[in-house]
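Asker: Pasting the feature list from TrEMBL:
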{"type": "BINDING", "residues": "CYS19, CYS24, CYS27, CYS49", "note": "[2Fe-2S] cluster 1 binding site"}
{"type": "DOMAIN", "residues": "190-377", "note": "domain 'FAD-binding PCMH-type'"}
{"type": "BINDING", "residues": "PHE876", "note": "substrate binding site"}
{"type": "ACT_SITE", "residues": "GLU1224", "note": "active site, proton acceptor"}
Amino acid sequence: MLLSYLRDRLRLTGTKYGCGGGGCGACTVMVSRYQPGTKTILHYSANACLLPVCQLQGAAVTTVEGIGSTKTRVHPVQERIARAHGSQCGFCTPGMVMSMYTLLRNTPQPTMEDIREALGGNLCRCTGYRPIVDGFRTFCQESNCCQGNGNGTAGCCLDGESPPEKSGNGLPPQLFDQGDLLPLDPTQELIFPPELILMAQTEPQMSQRFIGENIVWISPVSLDELIQLKADHPQAPLVIGCPASHNNITYQSPGVVCSVYIGAGCSLSVVKALLEGLVQELPEEKTEIYRALLQQLGNVGGQQIRNVASIGGNIVSAYPNSDLNPVLAAGSCKLSVVSKGGRKEILLNKDFLVGFGKTSLKPDEIVLSVFIPVSRKWEFMGALRQAPRKENALATVTSGIRVMFTEGSSVVKELSICYGGVGPCTVSASRTCAAIIGRPWNEQTLSEAYTVLLDEISLSPSHPGGKVDFRRSLTLSLLFKFNLQILHKLWEMNVIKEDLSEEMSSGIRPLPNQLQPGIQVFQPVVNGQSVDDQVGRPVMHHSAISQATGEAVYCDDIPKTDGELHLVLVTSTRPHAKIRGIDVTEALQVPGVVDVITSKDIPGKKFRTFTGVDEELLAENEVSCVGQMVCAVIADTREQAKRGAAVVKIHYEDLPEPVFTEAMEKKSYFQPQRTIERGNVTQAFEEVDQVYEGEIRLGGQEHFYMETQSMVVVPSGEDRELRVYLSCQHPTYAQESIAETLGIPSNRVSCHVKRVGGAFGGKVTKTSAIACITSVAAWRSGRAVRCVLERGEDMLITGARHPVLGRYKVGFMNDGKIIAADLHYYANSGNTADESVLVVEKVLLHLDNAYNVPNLRGHSVACKTNLPSNTAFRGFGVPQSMLVTENMINDVAMKLGRNAEEQIREINMYKEVSLTHYKFQFDPKNLLRCWDECKEKSDYDSRRQAAGEFNQKNRWKKRGLAVIPIKYGIAFSEGFLNQAASLVHIYKDGSVLVSHGGTEMGQGIHTKMQQVASRELHIPTSFIHITETSTSAVPNTCPSAASFGTDANGMAVKNACETLYRRLEPVRKQNPTGTWESWVKKAFLQKISLSATGYYRGHDLYMDWEKQEGQPYAYFTYGACCSEVEVDCLSGDYRTVRTDIVTDIGRSINPSVDIGQIEGSFIQGLGLYTMEELQFSPSGVLLTRGPSQYKIPAICDIPLQFNVYLLSDSDNPHAIYSSKGIGEPVLFLGSSVFFAIKDAVAAARAEAGMDGPFTLDSPATPERTCLACNTDFTQKIPPSRPGSFKPWALNIP
């Protein structure tokens, strides 16, 4: 593939591996081709991981390195994403840059819709997308923009309304200055290689044959040659990925189109452009099918996929969820097929689409073109779908429906209803059509048709893909939506007398979709602060430019050393079994394979001990989950290692009764279990007005860091030394683990972390275990070994956020005051303890959130199951803990029929200096300020009223609001983890090198350390450099986690810099007017040490679980968030209309970094609570192992208006420069979207006469949301009897 060719052969490592399936956009490049027919050059974006190099003959490929670099000239696209703070970990940035660059090559003045579409195939896990959009928005030339009208950049309309705070010049402080951006000059772009133009114009086309190790690739140049090749090799697949191909438009008479033949090799983008032109050109009545196809084409993959995927390939793949096939089948489209036997036309219907991935095509037949007729008068077409994500996601259910009426009437003459997603291939509802044809299109006819349809399209409860009740209800609701569309059209054509009411028309009105500029408000620096003092200013991420140019080096970008080997892990395929033997004979015979590493090859400790429980590095006698590491294959290339791993034979003896969801019944727990209580809960329950019991389930969450687990281990060749380069949050733990595994001292192992492409807690324990295995391989072979997990491997092996079942009993008074609560948490920890006990402890420490419940009890356990071990994830149990608490609050409100925000949450909040349930004193003043300001800035009261009015007028769309507070403890409750150290060197030229124990993983810690050093040394940040985190520079470091990295390492850097500045004091006094450089040179001559270590002891925090008291946190970060959503009750789809966040982070060291952390964390929380689902088969196999099955938020999922306010006039004496940790807290505020959805669902249920608390588990996916709305259509679905079938997926937890 092109990706490996670029990275391995050409050493162009700016193009990244993110998923290997075209689902994340990290490998986006621009492909350019000369079109001899039109003498034009076509540019299109594409995924390098899906492009065979053999297919690119005659094409020019442009990578991120080709458009600009720090060594030559940075391109405006690269500059603007960096300047707008749109690059955090930076791993996705080159892909973002190339998608935008390609758009600008084709459309130099794009609209916001163009930008949104261009970025639709790119994922980012760090930023929350807002800064990326804002950076690229500067390329828009909107007619109503003040920039376009010459009004300058201060307070530009693109930044939203002016925030109240003012900077020193009277203008509001901005995150980045739009006034001095590099201009976009299309005349300065790279030209298409003239030799390729000459080649296309003059050289005769010749067929080509490429012979590889396992594949022969043949590129024919004529149809006759292709037909002959297919006859000779009928089983060989036909691969087409060219964006331009032949199409014909057939004319009935001059200028009148009667049909369209589209070449099967046309890319979906070309088809889309062609149909858009026809829709503009033809009368509306002739374009029904074309408009339906256009509606679906916008949903097929991202832009990169549509640019190369062909319409013919999309059809013949016969995927059951195909968006195009139902429309083409319902539209009576045909395929022109050719073979040695001649040509023929095939109707695209159930006789053509015969099964999963199967068609009636013979092996030697080739689809030549697709015939799409124009529609006739009185013929109407609809295309409706529902998918797990709003865009770039395979449909759950999709449809194509065509109806033809008898002229001038509502009597149905023809009808075709086709569905995708409800069978092994596209399904035609012929019986339902027969029940409607010949009858008038009215409520009675459709009501009877729903009954027939429900009987005709029946799915077993165990149907592959699950979601059976939801999918069956969608077949009804999508037909109902089409019904509403047709009724409106019949009214427009004066066939029926009444149009849809406003209440009913909501069923066909699309959800809002227009992105609005957001507001970011932060406090300006104090008057008189030195220009060189960058603390408190929105400083760009120190690596942003190099990340945008592709020059930033990640672990797998490190050049390969001579003789380097590649390691591939072999994992268990059984959830609970004894290992009877491992046969590696066949693997060792694979060419290139050097060795197979098993547990017996480990010279030192074969296990790691974390939280007191031993965990095997490689399973030796028994496996306890699918995906447990058993052995590893090392070979000369990764492909050879993969082939070797595939033939390793592990002989198992299954053990009885694996535990997946039954841990509570079987009392399968890790110890210790934790309990905490204040007051007398049992007695309080007897004194309250009401008692309610409920529960909520919260699913797990995959980290989905963009850079998968990566490491390179290099033996030095002497003294048993190893240099380890890895993507890791805790290099010291990796160092200790490797040393103990090899049986050598830690001083022989140096771990180096340049930067991490995202981590979120997932690169601590599991990374160290894989690094140990890789080190054993390097130790045995004496050669460097590289291990980079593929996305599917990473998701299978490394674990996720703990799924949690929360149960609660709450006692309250009729005025809403909560007197007692008893909460029980059951976390599915998986097969090993990992950090699970620490997670469930933090669950209990945060169960109060912002509420002062006088009698409060909590109990939490880590359940031991035969699923892959779960691990730390941003928030470390707090997002699960607080969701249960807030759901309890919500249920109290619903039980009393009151407003949750003002009548339950507010009256139960901490109001004055108080003690937590673990007897830690704090002042909630800033918590209350955040709450009040959030309600004020979000205009909550008027919007709450407007939502109520909206809901009264709209039957099928509902709006919901929620305001959620947070009180989040910062630092490690284990006091020894709060220490930090640093090493600062001043060189004779005045330059400064800073080393510290924190790892840069997108959170901007290196940038903040530069700011700290700049302030303490009184020099510009340009003098200061941070190269990497290394255990040989700063030993015994603590993990970069718990939102405490800046607090601890900042103080250590400050300490070292203060020491150095004091040492320079005599020199400065001798020459007060001297320069920094002169002082440094003089100090060296006077033999003053210019190197210093810094140390920060950290807070002495603790938690005594026996006494149930302690001070586990240094301070609290507070916040509040208001979100509003609009929900489609018929499909469960939703749109976050607006989000307003107010956070107290003290005095921000870097507002751009902190606001970026807030936004990114919120969007990750939005994914946790509304989208992201990990699914396991009944045998414990992870089914969601890549972006095609596991959906994280994309640009289409961000709030349409996203506003962030940093609380002003806040101080924090417990952290450096009065700042606060912010990396984790805001993730929980994503639950505001969950509770807003629940609020909207409650409105739908109330309309159906259903009041009181109801179950809505997390994530609130469209499936759960739709079923909870309990519409007429969901009520028609007969429930499956539990225990009567084997579900497709487990219900975790």
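Cβ atoms here come from the backbone N, Cα and C positions, even for glycine.
Note that TrEMBL annotation is computational and uncurated.
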Asker: What is the separation, in Å, between the Cα atoms of PHE876 (substrate binding site) and CYS24 ([2Fe-2S] cluster 1 binding site)?
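Answerer: The Cα atom of PHE876 (substrate binding site) is 26 Å away from the Cα atom of CYS24 ([2Fe-2S] cluster 1 binding site).
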Asker: Do me a favour and check the Cα-Cα span between CYS19 ([2Fe-2S] cluster 1 binding site) and GLU1224 (active site, proton acceptor); whole Å is fine.
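Answerer: With distance taken Cα to Cα, GLU1224 (active site, proton acceptor) is 25 Å from CYS19 ([2Fe-2S] cluster 1 binding site).
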Asker: Which one, from the binding-site residues CYS19, CYS24, CYS27, CYS49, has the smallest tally of other C-beta atoms lying within 10 Å of its C-beta?
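Answerer: Relative to the other binding-site residues in CYS19, CYS24, CYS27, CYS49, CYS49 has the fewest Cβ atoms within 10 Å.
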Asker: Taking the Cβ of the residue listed as 'active site, proton acceptor' as centre, how many other Cβ atoms lie within 10 Å?
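Answerer: 27, counting other Cβ atoms within 10 Å of the residue listed as 'active site, proton acceptor'.
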Asker: Can you grab the distance from CYS27 ([2Fe-2S] cluster 1 binding site) over to the residue listed as 'active site, proton acceptor'? Cα atoms, rounded to a whole Å.
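Answerer: One finds 28 Å between the Cα atoms of these residues.
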Asker: Express the distance between the Cα positions of the residue listed as 'active site, proton acceptor' and CYS49 ([2Fe-2S] cluster 1 binding site) as a whole number of Å.
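Answerer: That separation, Cα to Cα, works out to 33 Å.
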